[in-house]
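Heads up: the structure comes next, in structure tokens.
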Amino acid sequence: MGIIAQNKISSLGMLFGAIALMMGIIHFSFGPFSAPPPTFESIVADKTAEIKRGLLAGIKGEKITTVEKKEDVDVDKILNQSGIALAIAALLCAFIGGMRKENRWGIRGALVFGGGTLAFHTLLFGIGIVCSILLIFLIFSFLTGGSLV
């Protein structure tokens, strides 16, 4: 317990970084947690029903009532943003711990956990970009009748 008491900032950075990394891995493995977005057909059906109700109310001379829908909380976006914020907080704690001349293992632990979390998110984003580019090439190749080679 004495080591943690001497290295409060870097130990806090390791805790932030470890929580952020676990959140990122669990969210990637078991997510998405929010409800899927509505389909295009349901959006069009809702809009046409609203137009029909508005036209009928206008013809009858009634007052048109509009219902404002609340936007749902996007749990996935909150998890991603909070994980990145915790990783940045871990890197800041590592920097402050280094300025305070705390123990190296605590500083390096905070750097590894915080940097690992940011690298994990960057790697996932990069894989998504590469896969989307390959998919576009595959679609163009299929449409033009050419080969990928």
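Along the chain as shown, residues are numbered 1 onward.
Keep in mind that glycine also has a Cβ here, set from the backbone N, Cα and C atoms.
The feature topological domain 'Cytoplasmic' is assigned by Swiss-Prot to 1-8 (among others), with sequence analysis given as support. Long-range Cβ contacts of the topological domain 'Cytoplasmic' (1-8) within its own chain (Cβ-Cβ under 8 Å, at least 6 residues beyond either end) map to 97, 102-103, 106.
The transmembrane segment annotation in Swiss-Prot covers 9-31 (among others) and rests on sequence analysis.
The topological domain 'Periplasmic' annotation in Swiss-Prot covers 32-77 (among others).
The transmembrane segment annotation in Swiss-Prot covers 78-97 (among others) and rests on sequence analysis.
Residues or ranges marked as topological domain 'Cytoplasmic' in Swiss-Prot (evidence: sequence analysis): 98-117 (among others). Taken residue by residue, the topological domain 'Cytoplasmic' (98-117) breaks down under DSSP into 16 helix, 0 strand, 4 coil.
Residues 21, 24-25, 28, 80, 83-84, 87-88, 91, 148 of the same chain lie 6+ residues outside the transmembrane segment (118-140) yet bring a C-beta within less than 8 angstroms of a C-beta in it. Taken from Swiss-Prot, the feature transmembrane segment covers 118-140 (among others), and the record attributes it to sequence analysis.
Under the heading topological domain 'Periplasmic', Swiss-Prot lists 141-149 (among others), citing sequence analysis as support.
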Under 8 Å Cβ-Cβ from the topological domain 'Cytoplasmic' (98-117), and at least six residues away from its ends along the same chain, one finds 3, 6-7, 9-11, 13-14, 16-18, 20-21, 24, 83-84, 86-91
Across the topological domain 'Cytoplasmic' (98-117) the predicted model averages a pLDDT of 94
